């Protein structure tokens, strides 16, 4: 099911510059998950750097910004969604990272196991993100 | 504080980059796989298989780098859990150090994949990424 969806996406890719890399091949779940792993890694690293830089450069401390956000009186749904969006890349990278470490031990390298562990990682990501965002 | 750690990690990366100059194009496939085949009655346990593609002395450094990357990843997992359960300033420092190192090495892997190691171009590495 996921493979069909990804194949559909790949076929309709219109960017001529990337089409040799993106459009002529059938996208697979392990490939997309591997790209997402690197993408989330870069995003998280940039986030940590930004957090550190803003701690150095911006006035006030973390508590004052937390108070600022609280004083905006945003709806709980919006806050929950924002927390989910923040924690989702972290959880995805963590669970997929554990999958990578399992591969480094030599376990789960057969193709069906790849797909099974991939789906397991996605499910775990969604569940743990929802759990952490609800805290 | 996190920024200072990041800067210091960047400085130490220059030193590690000098070491990596001796390594060949590919990071050697130092894969030690625990293979447990179909268990027969007289199978006595696990089998180690070491595959090392490089013959340079620099391959030891690259092997060490590969292993260190995995060790830091596992340490970071433990740190995240421990930092939530037991917040203290020592935990903050070790988390900052581990996170910075892991992020730096990870970013280096991505850059190597698309741009290549020092002085070498690996334009097709992106191709192999998509293969997996």
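Placement of Cβ uses the backbone N, Cα and C atoms for every residue, glycine included.
Look at TrEMBL and you will find A:41-62 (among others) tagged as transmembrane segment.
Look at TrEMBL and you will find A:74-93 (among others) tagged as transmembrane segment.
Mapped onto three states, the DSSP output places residue A:93 (heme binding site) in helix. Under the heading heme binding site, TrEMBL lists A:93.
Within its own chain, the transmembrane segment (A:114-134) has Cβ neighbours under 8 Å at 2, 29-30, 33, 80, 83-84, 87-88, 91-92, 95-96, 99, 102, 108, counting only residues six or more beyond its boundaries. What TrEMBL lists as transmembrane segment is A:114-134 (among others).
Under a cutoff of 8 A between CB atoms, and with a sequence separation of 6+ in the same chain, the neighbours of residue A:93 (heme binding site) are A:37, A:40, A:41, A:44.
Same-chain residues lying 6+ beyond the ends of the transmembrane segment (A:41-62) with a Cβ under 8 Å from its Cβ atoms: 89-90, 93.
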